[in-house]
Each structure stands twice: as C-alpha cells, then as structure tokens.
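Beneath this line is the structure, given in structure tokens, with notes to follow.
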Amino acid sequence: MFGFGQRKAEVETTAQPVVDQQQDANVDTLVNEGATGGKTNWKNLIPVIACGAGLFSDGYINNVIGSVVTILDREYQEVWRNSNAKKYVGDIAFAGTVVGMLLFGYLSDKWSRTNSLLVSTIILIIFAALAAGSYYKGDAVGMFNILTAWRFFVGLGIGGEYPAGSVGCAENTGELKSGQRNMWFILFTNSMIDWGFVIGAFVPYVVSAACHNGHLSTIWRTSLGIGVVFPLVLFVLRLFVSEPEEFQKNSMKNARTPYLLVLRFYGFRLFIVSLIWFIYDFSAYSFGIYSPKIVANIYPADSPLTTIFGWNTVINLFYIPGTMLGAPVSDLLGPRYALALGVFLQAIVGFIMAACYSSLAQPGRVAAFAVVYGIFQSLGELGPGNNIGLIAAKTCATGIRGQYYGLAAAMGKIGAFVGTWVFPYIEAAGGGDERLAAQYPFWVSSSLCVLSAALVLFCLPHIGQDTIQAEDARFRAFLEENGYDTRQLGLRKGEEIGELGEAEGAEEVSIEKKVSPAQ
C-alpha cells in the first residue's frame, strides 16, 4: 500500500480520548508485533465469504419486491391498489431490518458471531419461503396482509446479517494479505448487496420470459422463492466457520460491558459514522427519482413484463462498476479518502444533472441521460456504498463492535425511511414546475454529499490494514487507565479471572524450569 495509506499520524483524532505519548508508543509496538502479513488463499477467504456474502440476500430480497409489486398490481388491479398492503409491503422489511440490526448487534457481542449468523440465516430461509407461499383462505386481501407480515420477519433476518456478518467478515480479513484486506471486505459485503440487486431484477425477467409474460402468480412466487436458495447454501458453509480470532481474544461476552466508558471513548465517533450513514441512505432516495424517468422514456407503462424487468436489470447494473472497481481503491487511498472522493465527485455530477435536467430528461436523449445517471450511481458505490460499512466495522474495538455497527447501520436504514417521507415535500416545493420538482432534491442531496465528505475527512481517524488490532490495543489501554480489569476480555464461559491468573502463573513456572541454569 502506498500514498495516503501510510499516514499513521492520522490515527489520532478528536473522535477518541487522548492517550499519552508513551502509551501510544506501547500500543503501536503491540500492534506491530501482533500484526501478521497474512496470506490470501481459499482457506483464509472462506470465513470472509461465509460471514459477509449473506448481504447478497439483502440486495436480492429488497429489489425483487419491486418486481413483485409490479406483478401484483397487474394481477389484482383495483383490489391491490385499494389495499393497505400496497402502502407497506415494499417498506415493511425496513422496520424488520432495523430491529434485526439492533438485536443481532447485541447478540453478536454478548453471545456469538457465528451462532448469531446461523440464527439470522435460519430466520431468512424460513420467512423468505413463507413469503413465497403466502396464502389466506383464497382471499386476496388476506394474502396481501400475510405477505406483509412475512416481509417484516424477512427484514429481521436481513438485519442480523449486518452486525453479525459484516463485523465477522472484517475480523476475518486480518488473516488475509496486508494491502488487500479492505478490498476483500468490500467484495463480500457491499458488492454482494449490489449483485443481489442485479440478480433480484434479472430473476423476474427470466421467470417472466419462461412464463411468456403470463401466469402472474407463478412469476412473483417463483421470484420470491428463489431468494431462499442463496441463504440455504450459505447456511451450510457457515456451519464450518469458527469464531474470529480477534473475537476470541477481546470479546466481552462473559464480562461486564462498561457502557459509560464505551460512550466516553466512542460516543462522538459513533455519532459521526451514524450521521454519514444516515445522510447517505437519506439522500439515496432522491437519487432514485431519475430511474423511473429513464424507464418512462424507454417504454410505455403497459409494456410486457420482460421489457420492464429487462431494463430494470440494466439500470441496476449501473452499481457494479463503482463497487467492483472501487474495491481496491479503498486499499490504495484508505477508506476515508475513498469515501470522500466518491461523494465529492458524486456531488459534482449531481449538481450538473440538476442544472441540465431540462436538456437531459428528453426522450431523444435517454441514452445520454442513462450514461450520466450510471456514472452518478457508480460514484455513490465507490464512495459511501463501499466504505461506510467498512468504516463502521473497523473504527471500534472488538468487544462492542457488533453493537456499534448495528446502531450505525440502523441509523442508515432510518435515514432511508425518513428520506421517503421528506423528499416528496422537497419535490412539492417546486410547485407545478416539473423541472424544479426534480432539481430541488438533487440540490439538497448533492449538498449533503459535500457535508459527508467533510465529516469523514475531519472527524474520523485513518483506517489502515491493522486498524482492528490498533483499536483493540487502544481501547484496552483506555479501560485499564480508568480502572477496568481487562483480564475479563476474552474470558470463556464459566472461566474465572482467578483461575486465569493461576493458569498464567503455572505457565510462567513451567517456562522458568525449562530455562533454569541447574538443567
């Protein structure tokens, strides 16, 4: 790694309490002695894949519901349009996801990373299957309500993937080759979400083609049912994954968590990470307003399902170049600079798109519009899409990483929900002027992109290849400075500190005997 990635001086930040210089030197020595170069091979990659790749289900399940809603509208028409389910079935998974993030964030710290993952995967498998088979005594409205209920629990399973899966993925990257760890984390977390979005659009296209745009119930049920396959395969893989080494050494699962000390040390940093995630998801809603405009200029509303889903797949492919090409950038520049670069460039393109909206949003220029929009979406993935989860996973200590990550991710989801309510009012501020109604959200969102860049540059620390070990060492030093017995960290169930001390003493006696001059 070169360039910005070598700036160790940036580790210190106002986001954490100041530790004296001698203590910093000791911490750095500990990190450098404990850090290994690692080796990237399949044996070391499997835990990374098993922990992180479950987010593919997030992308698939969240995107496929858009196609399902389109089909339900065609199949049930006025019955669907007049039902309460129409308002909630697309968004109810948001609520379940927030609950899952908070619940499994706690369980992943206080119980087990791997067991939390297995439970969340089981929930996902069961309720994704139930959603595909939604039925209520032949009554359509009852079936809509049952589908809505199952979607909440699907969201609960997805929510578990974020804290339990992503933090486990981040911790397991420590076994990989230095200089590639951020890239592998991104490829099996955010890139998985984006590929899930693409496949979530492509599967309904394939099923619709196979059904010749008929048999509507078969299309939406099959599309939902296929969402069971990936977590089922992943569940088998996760059965063979052990707890990450960092979690075994530094967890607080069998220790008292000093939440007041945690807030003193990480409160400001958690606020900044959560705010950046909130802004990103909040703004992402407005970014989506151009997608329907592109689609409307390509085909009429009564087009065959294969046409709608085919173009939906193309539009979702816009995410892929940003996340795939941007993954190594996070190692090259560091996650902070990669995020700041992505949102700053995205802001510039957003301002341009808003200013030129009247010219771009013409049926004859849809190709140019689509290309510019694709660049805009890709920059969003290169920046916050790829790096906000990475930053959340690596800017706190192992003992509270799941809860820290879960809170930040939940704030992001809340931001998306708030955006769905706020941006219609921003659009309405344009009055009856279509141009202003489309421009205002982009002025707001692009300005928020600039704010995000400033927050990440000035309020967060540098994140290097061994930041996880560094954070554990610094947090441990802070706890000891404030009277917390750090021998509790990493304790196994039923193990006592006194017993641990006796075992360590016996080990020291054994070592002394081996080196005794009398021998």
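Please read every residue number as a count from 1 along the shown chain.
Using N, Cα and C of the backbone, Cβ positions are placed for all residues, glycine too.
In TrEMBL, annotation is done automatically, which means it is predicted and not curated.
Annotation comment: TrEMBL describes 47-464 as domain 'Major facilitator superfamily (MFS) profile'.
Summarising the annotation, TrEMBL assigns transmembrane segment to 88-108 (among others). When Cβ-Cβ distances below 8 Å are used as the criterion, the transmembrane segment (88-108) is approached by residues 58, 61-62, 65-66, 69, 115-117, 119-120, 144, 147-148, 151-160, 162-164, 167-168, 402-407, 409-410, 413-414, 416-417, 420 of the same chain, each at least six residues removed from its ends.
Residues or ranges marked as transmembrane segment in TrEMBL: 114-136 (among others).
The transmembrane segment feature in TrEMBL is assigned to 184-207 (among others).
Per TrEMBL, the feature transmembrane segment maps to 219-241 (among others). Sequence-distant contacts of the transmembrane segment (219-241) (same chain, at least 6 residues past either end, Cβ-Cβ under 8 Å): 46-47, 49-51, 53-54, 56-57, 60-61, 64, 67-68, 71-72, 75, 114, 117-118, 121-122, 124-125, 128-129, 131-133, 157, 168, 200, 203-204, 207-208, 211, 305.
The transmembrane segment annotation in TrEMBL covers 261-280 (among others).
Residues annotated as transmembrane segment in TrEMBL: 308-327 (among others).
Residues annotated as transmembrane segment in TrEMBL: 339-360 (among others).
The transmembrane segment annotation in TrEMBL covers 366-383 (among others).
Annotation comment: TrEMBL describes 404-426 (among others) as transmembrane segment.
If you look up TrEMBL, you'll see 438-460 (among others) marked as transmembrane segment.
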Whether the transmembrane segment (404-426) meets the transmembrane segment (339-360): three or more C-beta pairs under 8 angstroms
no
